[in-house]
Amino acid sequence: MTKQVLPLIEKIPQSIVGFLESSSYHWSSSLSKTTQAHARILKSGAQNDGYISAKLIASYSNYNCFNDADLVLQSIPDPTIYSFSSLIYALTKAKLFTQSIGVFSRMFSHGLIPDSHVLPNLFKVCAELSAFKVGKQIHCVSCVSGLDMDAFVQGSMFHMYMRCGRMGDARKVFDRMSDKDVVTCSALLCAYARKGCLEEVVRILSEMESSGIEANIVSWNGILSGFNRSGYHKEAVVMFQKIHHLGFCPDQVTVSSVLPSVGDSEMLNMGRLIHGYVIKQGLLKDKCVISAMIDMYGKSGHVYGIISLFNQFEMMEAGVCNAYITGLSRNGLVDKALEMFELFKEQTMELNVVSWTSIIAGCAQNGKDIEALELFREMQVAGVKPNHVTIPSMLPACGNIAALGHGRSTHGFAVRVHLLDNVHVGSALIDMYAKCGRINLSQIVFNMMPTKNLVCWNSLMNGFSMHGKAKEVMSIFESLMRTRLKPDFISFTSLLSACGQVGLTDEGWKYFKMMSEEYGIKPRLEHYSCMVNLLGRAGKLQEAYDLIKEMPFEPDSCVWGALLNSCRLQNNVDLAEIAAEKLFHLEPENPGTYVLLSNIYAAKGMWTEVDSIRNKMESLGLKKNPGCSWIQVKNRVYTLLAGDKSHPQIDQITEKMDEISKEMRKSGHRPNLDFALHDVEEQEQEQMLWGHSEKLAVVFGLLNTPDGTPLQVIKNLRICGDCHAVIKFISSYAGREIFIRDTNRFHHFKDGICSCGDFW
């Protein structure tokens with residue numbers, strides 16, 4: 001308090017002075033008393049004193065009257081740091097961070113340098129706003145004022161850099177800190193763990209030991225959580241073992257943090273050891289531990305462990321039930337998962353968004369796509385709002401069965417609840433539209449995304465690859481390389497697959513070599529499969545076979561399947577038999593191999609061999625997988641089976657087929673009987689061909705949609721040559737765009753032409 005203002009203070013009633021100086025006025029006084037005190041101060045002329053003004057600012061701020069507090073500050077001719085710091089502290093406490101920065105700027109323009117009390121508040125503001133550049137400037141100010149070595153300033157500066165994701169700057173501050181504590185060390189350990197920097201974690205732990213700072217269980221839990229959340233699962237397990245060797249007793253948080261990593265690494269034996277420890281420590285009653293244990297067994301494929309643990313848990317708790325449903329679904333027991341979900345509903349258990357998302361995802365991942373769509377609708381009727389995880393879990397179901405109407409509705413929902421900025425939602429939309437034949441909409445979604453990660457780029461490349469648009473895929477890849485993102489093995493799978501669709505052999509070899517030479521990505525089985533397909537389709541079957549023999553690991557069924565399919569295209573019986581023999585050994589119960597080899601024999605007129613294959617299938621009890629197609633009409637998905645005569649509209653479908661058949665004969669088209677059984681009459685062969693599920697679905701669509709409406713059909717098998725020719729004709733005859741997605745690729749029929757160029 002200045003000497004000049006003392007006489008003025010004496011004119012203020014002692015009750016007002018006592019009110020302002022009371023340590024409890026923030027909590028016990030009233031706003032009216034503050035305004036009265038302000039009036040008395042103005043009357044006495046003591047308003048210019050920094051101490052009195054600071055007290056007024058604090059008092060007004062206590063009632064969130066920040067405008068009044070700021071007016072007091074602005075009325076001071078020569079404000080002090082104390083006056084500014086009072087308002088900065090109050091605004092920061094009220095989480096008005098932007099205003100805090102504004103007051104700091106005014107303080108700095110007055111030539112006032114923040115002290116060790118103001119700086120921690122300012123660094124906190126920068127941390128909350130992720131305002132790294134402003135924080136860096138304040139760091140410079142602290143260096144100029146010599147306060148950068150103050151313990152409180154260093155601590156707040158360190159946490160600011162951590163919150164802004166500037167690990168390098170945070171580490172520099174940490175290394176200069178003279179007063180490190182376990183909290184600061186733990187924060188740095190956790191951050192390095194999230195980045196998977198095991199060596200740095202070990203180095204800091206060593207430095208802590210040298211400095212006499214002992215890591216506590218919170219430190220270890222932070223490390224485990226960091227490794228787990230960043231996907232560095234093996235590092236998490238290594239660190240868990242280190243904790244145990246150091247003599248620490250892992251608690252329920254430690255166990256819950258490491259178990260997801262154990263499951264993702266499929267370390268079942270380690271999981272069992274932890275299970276034993278959990279029993280010994282009496283942690284089985286903890287719902288988080290039980291959930292993590294069930295999740296671990298689910299990821300490790302140990303179904304008995306899932307069911308046994310769930311049955312041991314006495315309470316019906318949402319988290320445990322969610323883990324149980326997810327574990328069952330992950331292991332193909334989706335019917336059991338649905339049964340349990342219905343049981344939970346009957347017991348009026350409070351099912352949250354995680355519960356619904358778990359069962360929807362389980363259905364979508366296990367071929368229960370229609371059930372997934374129904375559950376999504378039921379979820380909303382129940383008043384549970386889907387979130388950024390639910391939408392990406394449900395959209396694959398729309399794509400799997402080409403439920404474009406449902407997909408668009410879900411897209412609209414995502415727009416209404418402002419989820420489009422989420423990269424997972426965006427990626428799922430890109431994939432859904434691509435699978436529904438609307439690759440142009442995939443491109444639009446991609447272009448509108450404010451932020452794109454590698455998954456988004458891969459989804460778009462895969463979509464165009466699925467449609468056989470190799471030039472577009474290569475163009476997208478070139479754009480990807482101009483970003484800071486690095487392509488991964490999935491990126492190159494899309495590239496190689498696209499090259500294979502259109503026979504770009506040179507480009508395929510270029511990308512195959514690029515992935516290892518420029519990006520250090522070792523080719524996987526899927527890359528070799530794509531190359532075999534590419535070479536085989538280009539007529540270089542021997543080169544494809546040589547590549548298989550040179551593989552650094554054993555080829556799988558996908559690789560041999562690619563060779564066998566290429567042999568079908570090139571009518572090469574010798575290599576087909578070699579590939580088929582390998583497939584018989586790898587997948588003895590897969591009827592597709594027998595059927596494909598039989599078709600190759602039939603194309604060569606080798607009917608004795610065809611009979612031999614059929615007899616072999618019969619002796620093994622194998623039957624050709626029945627053809628099945630799906631089409632969406634008026635927001636409802638219909639399933640049509642090959643040769644099914646029980647369909648309610650079968651008479652109208654047959655009549656329409658006869659009409660189309662007559663028109664085709666007029667134009668000179670004859671059925672391709674190579675795709676029918678050879679040992680039946682020609683008329684019966686034709687009837688069998690017209691009974692193929694994709695034809696039934698297309699004709700059903702013609703009957704039940706307005707003229708000009710595009711048709712979208714999904715088939716569970718590869719489209720045959722006769723169906724391909726017929727649907728080409730229908731697209732011209734009926735004036736329809738028809739999208740067919742089979743197991744190999746997309747076929748876009750328009751005006752009698754197919755996007756595949758009749759080569760698939």
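Each Cβ is built from the backbone N, Cα and C atoms, and glycine gets one as well.
Since the structure is predicted, the reported quantities are computational estimates derived from the model, not experimental observations.
Here Swiss-Prot flags 559-634 as region 'Type E motif'. Look at Swiss-Prot and you will find 635-665 tagged as region 'Type E(+) motif'. What Swiss-Prot records for 666-760 is region 'Type DYW motif'. The repeat 'PPR 1' annotation in Swiss-Prot covers 49-79. Annotation source Swiss-Prot lists repeat 'PPR 2' at 80-114. Sequence annotations record features per position, and here Swiss-Prot assigns repeat 'PPR 3' to 115-149. Taken from Swiss-Prot, the feature repeat 'PPR 4' applies to 150-180. The repeat 'PPR 5' annotation in Swiss-Prot covers 181-215. Per Swiss-Prot, repeat 'PPR 6' is recorded for 216-250. Taken from Swiss-Prot, the feature repeat 'PPR 7' applies to 251-285. Look at Swiss-Prot and you will find 286-316 tagged as repeat 'PPR 8'. Positions annotated as repeat 'PPR 9' by Swiss-Prot: 317-351. If you look up Swiss-Prot, you'll see 387-421 marked as repeat 'PPR 11'. Here Swiss-Prot flags 422-452 as repeat 'PPR 12'. What Swiss-Prot lists as repeat 'PPR 13' is 453-487.
In the repeat 'PPR 6' (216-250), helix, strand and coil residues by DSSP number 26 helix, 0 strand, 9 coil.
Residues of the same chain lying 6 or more positions beyond the ends of the repeat 'PPR 5' (181-215) and with a Cβ under 8 Å from any Cβ of it are 155, 158-159, 162, 167, 170-171, 174, 222-227, 229-232, 235-236, 238-239. Residues 252-253, 255-256, 259-260, 262-264, 266-268, 271, 274-275, 278, 322-324, 326-328, 330-331, 333, 344, 347, 349 of the same chain sit 6 or more residues outside the repeat 'PPR 8' (286-316) yet have a Cβ under 8 Å from a Cβ within it. For the region 'Type E(+) motif' (635-665), the list of distant contacts is 369-370, 373, 401-403, 405-406, 626-629, 686, 688, 690-693, 695-697, 699-700, 702-704, 726, 729-730, 733: same-chain residues at least six beyond its ends, Cβ to Cβ under 8 Å. The average pLDDT computed for the repeat 'PPR 12' (422-452) is 95. Beyond the ends of the repeat 'PPR 9' (317-351), by six or more residues, the same chain brings 287-288, 290-292, 294-295, 297-299, 301, 303, 306, 310, 358-359, 361-363, 365-368, 371, 382, 384 to within a C-beta distance below 8 angstroms of the stretch. Away from its own ends, the repeat 'PPR 2' (80-114) comes close to residues 50-51, 53-54, 57-58, 61-62, 64, 66, 69-70, 73, 121-122, 124-126, 128-129, 131, 134, 138, 141-142, 144-145 of its chain (Cβ-Cβ under 8 Å, at least six residues beyond either end).
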